[in-house]
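*Asks:* To start, I am sharing the structure in question, which I have written as structure tokens.
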Amino acid sequence: MADQEARETPTPTPAAPPAAPRPKQVSHRGRSAGAKVSSNQQEGKVEEFEPFMLLPRGPPPLKEFLDIWDVNVLKGPQEMNKQAHHTHLYSSELLIVRRAQEFQIKITFDRPYKPAQDKFAVEFVIGPSPQYSKGTYIPVFPTEERQSVWRGRIVETNDNVVTMGITTSPECIVGKYMLFIGVVTPYGIRRTRRDPKSDIYILFNPWSPADPVFLDDEEEREECVMNELGIIYHGAYDDVSERAWNYGQFEFGVLDACLFIMDKADMPLSNRGDVIKVTRVASAMLNSRDDDGVLVGNWSGDYTYGVPPTSWTGSVEILLDYAGSRGTPVCYAQCWVYAAVFNTFLRCLGIPARVVTNFFSAHDNDGNLKMDIVLDENGKLDRNRTKDSIWNYHCWNECFMARSDLPPGFGGWQVVDATPQETSDGMFRCGPASVAAVKHGQICYPFDAPFVFAEVNSDVIFYRRQKDGTLEVVKVNQTHVGRMVLTKAVLHDGRRDITDQYKFPEGSPEERRVLEKAEEFGCQREKASLPQADVEVEIPNLDVRVGDNFDVTLQFKNNSDQRRTADVYITGTVVYYTGVPSAEVVFKTPKVKLEPLQSVDEKVLVKGEDYMHKLVEQANIHFIATGKIKETGQIITAMKVITMHNPKLIVKVTGSPRVSEEMYVSVEFTNQFKFSLENVDLRMEGPGIMALKRKQYSLIAPGTSITWTETFSPRRAGSTKLLASLDCAALRQVYGETELTIQQ
């Protein structure tokens, strides 16, 4: 019987490994005297009456002492505080001011204030455990004799009303403070009740010379702090595309979302007055790789469980989604989305910032200044052994700050990058790295300067792989990487080329000295000196619309006085904008004969039907021509990224452009392709005039048009834009915009 039972017992299937238990929150007891103070949202309890002595029967009657009837923080958008502090555009009913600059509050007492006998203080409290020594509890006194780290003065006394001026310190914590008025009595301190309506946000101040983010250029401040609209550049350096973006740093809820990001990072409150620490923490928190940060990166082309990166039109929805879900990362982002949302974070907190695009940006896998491209012995590209990638473009941010931790001269614009590429101090982040340090090769200075230096200064090295596996350097291209660095121009929609802020001119003595300096700090460069090839090949740029047939022209030039024969390999590969190959669409092997001092053009036809079904987002085809000169054995190479141009949306506005007046906006699109567009997502928004609106179409058949009309009522006057995007699996990056000026 036992044997039968044993035989009939089924063999157990291996159980799935148990889910890893969530780590328990271990108490801080025994390790520190109190929990880490890293939340701006948690409020410490502030007693309405704080006795100086034991009072067994509670506080005595305090009627003969000064009492507070009202506190007015003058928080209206047209009142002096927000106007003087350049915070009038924030959609918030609370007072928002900037550091190191006076703001005023009006206090109404129950009788006229008598300086000789009445003692009171305005108390600012931030976080759950306020302490004077940590900068989380700051009393501000009205008299010169008694001052704390923040200064106070009586501006005006009018009967029972005292107007008090308060100047915060230039190093104070950036965040949301509670405000109390405390009156000293012989028995203790009597305070006003907790009133959330009198809370005050304190931000960085680029208008104050005392603040480390001071930017001494009013137009730059207007662009890099106050402008809600941006332009992000993409495409190729000789065929630049651009798209508008709504940073929306003043929209309702965005400031709270930015403060929540620092809370989610568990950043100590006492560090939040240091712009270097704030930007470094935010650089890690904008991506979700190791800390459940704001955005999930996705370069795969499959966006089933989120929003495609090409579909976003602004930062507001992303930040509000993240804060509203209490820290669930938002799907999905690529480099320009990381840079744009990071730009919103920086500008919202008062740090001057701009989005920068580096064309042909090196992402080096082994930490040297060499991007390795491997050819076989006949000069044909070996994709399996070519691992380094050159991004067609890469977006990062620059923010403006003094760098007291570095020698003089290295303050100013600093690179910060939230796109998760490499770890820095164990987390996916980058910067702040001084742009001046990168330009001068001083890459020993923190943070992450060697990585940024390599992004703009790497050489492209072509190797020929011999049969025995050894690699021989056959060509070095020193000018391909970091070809151009662009950002938006100040206060208009043009471009600003800032390549000269990152590097000296190619081939100049200064550039040579910089590279020698970088080598002293550990960067490796290719030293091979190769004879100049007497045959050159170039691929000129083309303007191609998605779906068109086109000819790629290879221009050969024989500079020698002898005949030359070139065995050429031409490869056209659909690539992601990160340089990663997806599918080959062209492979030709012409033999080109060149007479002495002759130029010859070789054309290669590329048909729309060959590439359309293989295109990935951003529609890039990377052409590489490599070849071997029969007579000399020399290798010739040329590279060109052809960026397909997508159709555009037509955005039209009708109605009277006035505040609170109803207006209409329509978005028009025609499907010019021979295939249907399915599950099409349309988005539209405009800062200050229209919150994000979405519409979906299940199908847009070939040759058909759609028109989507919405109403909106502008909330404020001024020049602005309405932005729209269309996105589906078969067609990405279709944008449109229109400018309008709203009257009061």
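Cβ atoms are placed via backbone N, Cα and C, with glycine included.
Per TrEMBL, the features are:
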type	residues	note
ACT_SITE	CYS335	active site
ACT_SITE	HIS394	active site
ACT_SITE	ASP417	active site
BINDING	ASN457, ASP459, GLU506, GLU511	Ca(2+) binding site
COMPBIAS	11-21	compositional bias 'Pro residues'
DOMAIN	327-420	domain 'Transglutaminase-like'
REGION	1-44	region 'Disordered'
*Asks:* Other than ASN457, ASP459, GLU506, GLU511, which residues of the chain come within 8 Å of the Ca(2+) site, judged by Cβ distance to the Cβ centroid of those residues?
*Replies:* GLN478, THR479, VAL481, GLY482, LYS503, LEU515
*Asks:* If you skip the near sequence neighbours and keep only those at least six away, which residues in the chain come within under 8 angstroms of GLU506 (Ca(2+) binding site), Cβ to Cβ?
*Replies:* GLN478, THR479
*Asks:* Using DSSP, break the domain 'Transglutaminase-like' (327-420) down into helix, strand and coil residues and give each count.
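*Replies:* Each residue of the domain 'Transglutaminase-like' (327-420) counted once, the result is 17 helix, 41 strand, 36 coil.
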*Asks:* CA-CA, which of the active-site residues CYS335, HIS394, ASP417 lies nearest ASP459 (Ca(2+) binding site)?
*Replies:* HIS394
*Asks:* Validating a neighbour-count step here. Other CB atoms within 10 A of the CB of ASP417 (active site): how many?
*Replies:* 31
*Asks:* When the Cα of GLU511 (Ca(2+) binding site) is compared with the Cα of each of the active-site residues CYS335, HIS394, ASP417, which one is closest?
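*Replies:* Spatially nearest to GLU511 (Ca(2+) binding site) by Cα position is HIS394.
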*Asks:* If you measure HIS394 (active site) to ASN457 (Ca(2+) binding site) at Cα, how many Å is it?
*Replies:* 14
*Asks:* What is the total of other Cβ atoms whose distance to the Cβ of ASP459 (Ca(2+) binding site) is within 10 Å?
*Replies:* 19
*Asks:* In sequence order, what residues of the same chain, 6+ apart, have a Cβ less than 8 Å from the Cβ of ASN457 (Ca(2+) binding site)?
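*Replies:* The list for ASN457 (Ca(2+) binding site) reads ALA362, LEU369, VAL481, GLY482, LYS503, LEU515, ALA518, given in order along the sequence.
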